[in-house]
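So the structure is just underneath, and the comments pick up after that.
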Amino acid sequence: MTLNHFYCSIEEEIRDLTIIGGGPTGIFAAFQCGMNNISCRIIESMPQLGGQLAALYPEKHIYDVAGFPEVPAAGLVDTLWKQAERHHPEIILNETVMRYHKRDNGMFEVSVSSGHTYVSRAVLIAAGLGAFTPRKLPQLENIEALEGKSIFYAVKNVADFTGKHVVIVGGGDSALDWSVGLLKSAASVTLVHRMHEFQGHGKTAHEVMEARDAGRLNVMLDTEVMGIDVENEELKAVHVQSKNGKTRTFPADRLLLLIGFKSNIGPLAEWGLEIVDNALVVDSHMKTSVDGLYAAGDIAYYTGKLKIIQTGLSDATMAVRHSLHYIKPGEKIKHTFSSVKMAKEKKKGMQNG
């Protein structure tokens with residue numbers, strides 16, 4: 001995805017909707033703004049759009065998005081952006097939203113880390129899990145010099161592991177996915193999990209055990225990493241110990257720690273909104289307790305919430321739709337099918353051309 005056509009905001013230029021967060025939910029919200037004929041801006045703290053998919057898992061394959069039997073994370077982000085960019089949303093990158101203020105006239109001011117303030121008629125928070133930092137193994141100390149070289153917390157580039165002896169730690173979806181995903185390119189893969197059973201998707205867990213039974217993958221359950229050997233700032237081996245006290249050492253070039261992330265919603269926690277499970281409580285329209293202020297995706301909490309990409313896209317659709325009542329008060333809200341709207345726009349483009 002190229003970003004060279006994005007432009008910076010004029011501080012007081014009013015948009016209909018400010019979208020906080022440029023992950024899949026935020027990008028799709030921008031598309032929905034275009035479909036509903038309202039202007040928007042996305043404010044994203046990272047240097048690129050895509051959220052965790054772009055920052056942590058660009059080469060991870062996703063299987064549970066409707067219409068995509070299988071799609072790499074970066075490919076999904078590109079497709080979502082291609083869908084949204086036709087409506088020319090304004091994009092603000094490398095800016096963290098710090099606070100908001102609702103004016104007496106109902107307008108929202110959103111202030112960012114650089115000191116700029118952006119104004120809109122409504123706000124949609126699509127900040128995912130907020131700021132996230134990888135969980136580390138406390139028994140591995142002073143490893144900063146190895147991080148990004150021999151020790152990783154995500155797979156951003158498969159080439160980093162090609163031809164290497166890889167030890168993966170974890171039992172969730174990411175650990176299982178990459179245990180299978182790296183088999184074709186790595187010299188060897190060893191999966192170490194401290195529990196007796198995996199917590200990831202059952203289908204992938206079955207694939208992991210099949211690979212183990214076929215002798216393609218080494219799986220160590222009820223086992224923890226206890227230490228590492230390093231020479232000249234390069235990883236050489238990983239030491240593990242099982243619950244029965246048995247110790248083993250594996251030659252290793254790469255240690256991939258996939259044991260989750262700590263999330264922090266940061267300044268949003270100080271906005272006076274109701275928070276449950278580190279997420280903002282919303283109603284059935286994705287509205288918070290403040291009129292005109294919405295939340296969608298992983299940052300939104302409601303009974304029965306499922307934190308997957310698919311529900312985030314649905315949340316965004318409902319939030320944008322309901323925001324029209326606040327952005328265009330008194331106007332009758334009409335639904336236009338996407339096929340009809342796109343046909344009209346194509347016809348208009350041909351006439352203007």
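The backbone N, Cα and C atoms fix where each Cβ goes, glycine too.
Pulled from Swiss-Prot:
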type	residues	note
BINDING	THR25, GLU44, GLN52, TYR57, VAL97, PHE132, ASP298, SER339	FAD binding site
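Feature annotations (Swiss-Prot) mapped to structure.
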residue: THR25; record: FAD binding site; contacts (Cβ under 8 Å, 6+ apart): GLY51, ALA126, GLY128, ALA296, GLY297, ASP298, ILE309, GLY312, LEU313, ASP315, ALA316
residue: GLU44; record: FAD binding site; contacts (Cβ under 8 Å, 6+ apart): GLY21, GLY22, GLY26, ILE91, ILE92, LEU93, ASN94, GLU95
residue: GLN52; record: FAD binding site; contacts (Cβ under 8 Å, 6+ apart): GLY23, GLY128, LEU129, PHE132
residue: TYR57; record: FAD binding site; contacts (Cβ under 8 Å, 6+ apart): ALA73, ALA154, VAL155, LYS156, SER174
residue: VAL97; record: FAD binding site; contacts (Cβ under 8 Å, 6+ apart): ILE20, ILE43, SER45, VAL110, SER111, VAL112, SER113, ALA127, PRO267, LEU268
residue: SER339; record: FAD binding site; contacts (Cβ under 8 Å, 6+ apart): none
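According to DSSP, TYR57 (FAD binding site) is assigned to coil rather than to any helix or strand. Look at VAL97 (FAD binding site): DSSP puts it in a strand. Under DSSP, GLU44 (FAD binding site) is assigned to coil, being neither helix nor strand in the three-state scheme. In this view, ASP298 (FAD binding site) is surrounded by 27 other Cβ atoms within 10 Å of its Cβ, with every protein chain counted.
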